């Protein structure tokens, strides 16, 4: 159990690990070769000193090597948030994923149970009837037949079980809150990634660039790990190897600004009903914010040239019933059936 000690000592002294050192350290963590005290000490030392891009790249590289992969179309996109923003909003990225799928772009969505809200994407999807505990081959079928597949993080990152108890006992954010969305089991190169704090917007864009992503936006919206309609969203966009930073307001999408209360969610059942209501035609603040995120994803995917185009495509996906059809097919295929 001495393998992690030199890395703990280096980080505790205020020094940064190289990419290779970080990979070695996280390989020890995720192979069950460190004690709970060592895991906690290492993670808190990293957090106190501040995680660097090479350290995150090294850690993600190990996670990707150890994950259970899913085969998906090469043009698939992921719409995912780190969670943990503490705002208790409804599942914006889940609804956005269905809208994007309805617009013809395959979505390989990575998600988890709730971190700080009452209901994570997994909770809502389960309430809708989507089966999550399924083989990678079935998830691949979901993506090819329904246009969207949901990958439950616990099932694809079993190596995380070695650090899970220590993370729970620490009870505070660590580097692992950032890693999950960076280790999509389908290996997507296109992504709309929301982060819980604005200081991570540019570093995570740099991380994904160094990991070989092609087209990504990392966003933080006025306290949310999503594009928001409550105020300004900060964006770092990776396009053709270059990162540019900019801000977006609700007006850039042609929607009204709202108070955070309008985006609040509830438990899995509540959020599932709210999501289905929008898919069935209800026009409200939930619809607007999901459309904003879907519009950005459609631009990232190359399906729309502008946000206005993306909003129009997203609205068409909802109003035509295409997004709802994607959900119904996802429910059928995930439960072992065949799409019509």
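Residue positions begin at 1 at the first shown residue.
Note: Cβ is positioned from N, Cα and C throughout, glycine not excepted.
The annotation anthranilate 1 binding site is assigned in Swiss-Prot to 81, 112. The DSSP secondary structure for residue 112 (anthranilate 1 binding site) is coil. The Cβ neighbour count for residue 112 (anthranilate 1 binding site), using a 10 Å radius and every protein chain shown, is 20.
What Swiss-Prot records for 81, 84-85, 89, 91-94, 109-117, 121 is 5-phospho-alpha-D-ribose 1-diphosphate binding site, and it gives sequence analysis as the kind of evidence. For residue 93 (5-phospho-alpha-D-ribose 1-diphosphate binding site), applying a Cβ distance below 8 Å and a minimum sequence separation of six or more within one chain yields 79, 80, 81, 109, 111, 121, 192, 194, 226, 293. Look at residue 93 (5-phospho-alpha-D-ribose 1-diphosphate binding site): DSSP puts it in a helix.
Mapped onto three states, the DSSP output places residue 226 (Mg(2+) 1 binding site) in coil. Using a 10 Å radius centred on the Cβ of residue 226 (Mg(2+) 1 binding site) and all shown protein chains, the other Cβ atoms total 30. Residues annotated as Mg(2+) 1 binding site in Swiss-Prot, with sequence analysis given as evidence: 93, 226.
For residue 167 (anthranilate 2 binding site), the Cβ neighbour count at a 10 Å cut-off comes to 17, with all displayed protein chains included. Residues annotated as anthranilate 2 binding site in Swiss-Prot, with sequence analysis given as evidence: 167.
According to Swiss-Prot, the feature Mg(2+) 2 binding site maps to 225, 226, an assignment based on sequence analysis.
For residue 225 (Mg(2+) 2 binding site), the spatially nearest entry among the binding-site residues 89, 110, 112, 167 is 89, judged by CA separation. Distance noted between the C-alpha atoms of residue 112 (anthranilate 1 binding site) and residue 167 (anthranilate 2 binding site) is 15 Å.
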